[in-house]
Every structure is written in C-alpha cells, then in structure tokens.
Amino acid sequence: MSWGTDLWDQFENLDKHSQWGIDFLERYAKFVKERLEIEQTYAKQLRSLVKKYCPKRPKDDEPRFTSCLSFYSILNELNDYAGQREVVAEEMGHKVYGELMRYSQDLKAERKHHLQEGRKAQQYLDQCWKHMDNSKKKFERECKEAEKSQLIYERLDNDINATKSEVEKAKSQLYLRQHMAEESKNEYAAQLQNFNSEQWKHFNVAIPQIFKNLQDMDERRTVKLGEMYRSFAEVERRVIPIISKCLEGMVTAAKNVNERRDSGIVVESFKSGFEPPGDFPFEDFSQNIQRTGSDGTIGTPKTEGGKPDPKHAVGRTKNKLWLFGKKPKAPTLEDLSHLPPEQRRKKLQQRIDELNKELQKEMDQRDALNKMKDVYEKNPQMGDPGSLQPKISETICNMEKLRSEIHKNESWLAEVEGKHGSRSERRSSADVNHHAPHGRESPEGSYTDDHSQEHRSPPQPDPHEFDDEFDDDDPLPAIGHCKALYSFDGSNEGTLVMKENEVLYVIEEDKGDGWTRVRKQGGEEGYVPTSYVEITLEKNSKGAVTYI
C-alpha cells in the first residue's frame, strides 16, 4: 500500500496524521521523562534512608553483633541498589528521552519540508487551472462576439437600403472577430493541454512522491518508537544482574546472623573477670547481752573491763555492692585500672597493637629517610644529606617514645594477666572455704592485690600517732559498723588487716585523711582505708549516714 496512489486526494488528512504522529512521539518522550524523574526521586529517597540509618559513631565504637553487621551490609547493598536506580534514570534520560526529543525535532523539520513541497505543487496546479480557465472564458467570449458580428453582417448584406461601405465594414468586423475567436480557441486548447499535462504530473508524480516521503517519515517514526520501547526495557534489563547481586548480598547478610555468636560477643564485651561474691559471714550482735550462769545457751564472752560492745543493726545498710547494683563512676586512668580485669586486658592489648602499628610506620619512615640520605650522599646534586638529619632525629625520637609507651602498656598487661591467672588458680579453694577472692577490684577500679600499685595509694599513717591512740586503757565505743568491700593487707604500722566482706565496728570516723578507725569482733583495732569499706553509722551518732 502506498499513500501516493491510495491517498492521492487526502493531503489534509495526511497533514493531520503526520502531526498526530509527532505529538504521540513527544507524549511518549514526556512519559519517559516523568519515569526517570521517579527513578531519580526513588534513588534519592533510598540514599537518604541509608544515610539516616547508617551508624554515625566511629568504627571502634560500632557493635560487633552479627545482626548489626548484617543490617549494615544490607544498608550498603541498598545504597548500591539506589546507585543502579540512578543509572537507570541516567540511561533513560540520555538514550531514550534525549534521543526522542532530537528525533522529534528532525521529524518536525522533515514534515514541514514535505508539506511545503505538496503545497507548492498544489499551488502550481491551481495556477495552471486558472490559466486554462481564463483562456476558456476568453474563447467563449470571442466566439460570442464572432457570432454577433456574423449576424450583423448578414442583416446588412440582406438589407437593400444598406450602403456598400456599411456592408464592407460589417464584413471586415466579422473577419476580425472570427480571427480573434480562432486565436482564443488555439490558446484555450494549448492551456487545456498544459493543464491536463500538469495535472497528470501532479497526481501521478509530484503528489505520490511527496506522500511517499511522508509515508516513509511516518514509518521511520513508528520504527523509532519501537526501538525506544526496546531501549526503555533494555535500560532496566542491563541493571538486573547488579540488582540481583545486591539482593543476593542482602540474603547472604541475613544468613550471616548468628545468635550464638552474638551471645558470645555479649559475654566478651561485658565480662569483668570478677568472681561472684562469697557467702556473707555471721555478724554476732549479741556480745553485749549479759547472761546468768543458769542460762544454758551458748553466749559470747564478755569484753574486758566490763564495757559492752555496741549493738549494730544489719538492716540499716542503705547501699548495695556495685556488683548487685549500679557501679559507681570512676575516673578514666592512663593504665585503665578503672576497668574490670577482662575489659582492661582487651583495651590494653588493643592499645599495644595500635602503638605497634605506629611504631612500624615510624620505622618505615626512618628507613626511607636513611635510603634517601644514602642517595643524596652518593649524588650530592640531588639534595643535601644534612637536610634530612633533623627529620631522621625526630623519627628516632618518636620511635623511642612509642617503644616506651609499648613497654609501659605491656607491663600493665602482664600485671593484669598475672593477677587474672593467680585468681583463677585460687578459685577452687575460695569456693570451698566460702571466702571472697583476694583479687577483687580496688575502689579506683584496678584489679590487684598489691595496694602499692593503686593509682591513688592511701596516705601512710603516722605510726606514733596510732600508738598514742592505742595506749588508752578504755576502748572507744562503737559508733557504727562497716563491711569490707575489698581485702586490705594492713602492712603499715597502725593499720588493720581485713578480709573482703568482713564486718567491723566503726569507732572513729574519717577525719579527711582517707582513713577510718575500726575494731574487729575480737577486739583488735586499727585504721583501714575509708574507700575500702561500706560504713553504716548508728542513728544516735553524729552524721548517721552510710558511706561507700
């Protein structure tokens, strides 16, 4: 089928159809544009979502739970997925929408050219028809004039009263009109022949060619639309493998969630290295009760001097050991002694690893500077070897500082590991005797039995001052009682040895020097660090508060 032959008389309809085709192409281009804008918005929203839920803390503070790591992996895969949506939008904009708009402009120019050619051909045919019609009308007029002249000549020729001159004049006018009619006839015949020829060319050559060009243009437009439909789908198809990998990555992340490992990480993260506290000792508050000789109950012996020891109320303790409640905040110390043993060991090991990495960098820099210095010494034109010496010296100084730091941290680590090992060895005996382990954390948080290694050592008491106080004949009355939170060796003169969880009588409060005077149930007196005990004062004593 050809538009030129089948639609030879449908120029106006073809004009409208070709315009509709271009409009439809631009409508599809608008659809593609809105689609790629949706992709861009979708990708942008996905990236915002990923950014919102991505961790904002440093990597060192990130949780190591498999559920968290898997979620972060899913976020990374989703971010890559958003990138593929951006690729789709970019490809649609460049290969589909941009191509459609360029092609639309070309179609408009081509259609305009073909329609102009058709209108020119139609105008030329109309012009030929006007010339033929004018010659036809002229021929008709000339024939009527010739007929009229002939009637006049015949009337004068038959009229006997007409003069010869009048007859001759009418005859001459007749010949003139007949000649003009003949010329008009010939002109009309020529114009008619020319019009018929041009009309044949118009409807058999010019218009078919123009319509064929319009048909080719419309068919190319249709083919182009098909190609753009395919390109539209191919843009999506090309990213499907990468999107599939993103989804596979999400599935893999989901499979990597391990509840047993997460539980182990919880233990590893919060394990303090302490042992559970042992049994509380019996606190005998009946020593001051006087019993008769006939009393068959077993009582405690009377204290010397007839002065009874004070009574104590166990239920007056207001605060709990931090192992059972909130742990008091401790200042951050350089040796990390404020941390529990297990956490301290991990932090120290991590610090040593980081220092070793920095030391290795400094060593590499030193080696590189030495090599450069050797090159400068062999080739003085390349540089001055002396200019590198300050940098080398600085690097060596940094190395020494790092080695010192490493040695210091290694000594702290060895201390922690040594105490941890000795504590483990004593665990079985401690369980049998129901005694708390000696290697408990100090009030400042360091895990050690040697109190001389504490970050804040208790002040040494004046032994003569203690001796003077102990020379009193009458023992001081108890103003409260206390419970030992930690073991204390009492190695200094005037101090008192105490075990963890041991209950003692308070006979003198801390006067601001960090020491509290206590008495054992056996009557032995001495000073212990105030921070090592939990104190409860009697209501009738001054202060009447609880200290930890």
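In case you wondered, yes, glycine gets a Cβ from its N, Cα and C as well.
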Problem - Candidate ranges 135-169, 275-309, 310-344, 345-379 [criterion: TrEMBL lists as coiled coil] - result: 345-379
Completion exercise
Tertiary contacts of the coiled coil (345-379), defined by C-beta under 8 angstroms and 6+ residue spacing from its ends, are 268, 273, 336, 339, 385, 388-389, 391-392, 395-396, 398-399, 402-403, 405-406, 409-410, 412-413, 416-417, 420
Exercise for the section: Run through the domain 'REM-1' (338-415) and tell me, per DSSP, how many residues are helix, strand and coil. Expected result: 72 helix, 0 strand, 6 coil
Practice task
Could you break down the residues of the domain 'SH3' (477-538) into DSSP helix, strand and coil, giving a count for each?
Solution key: 3 helix, 29 strand, 30 coil
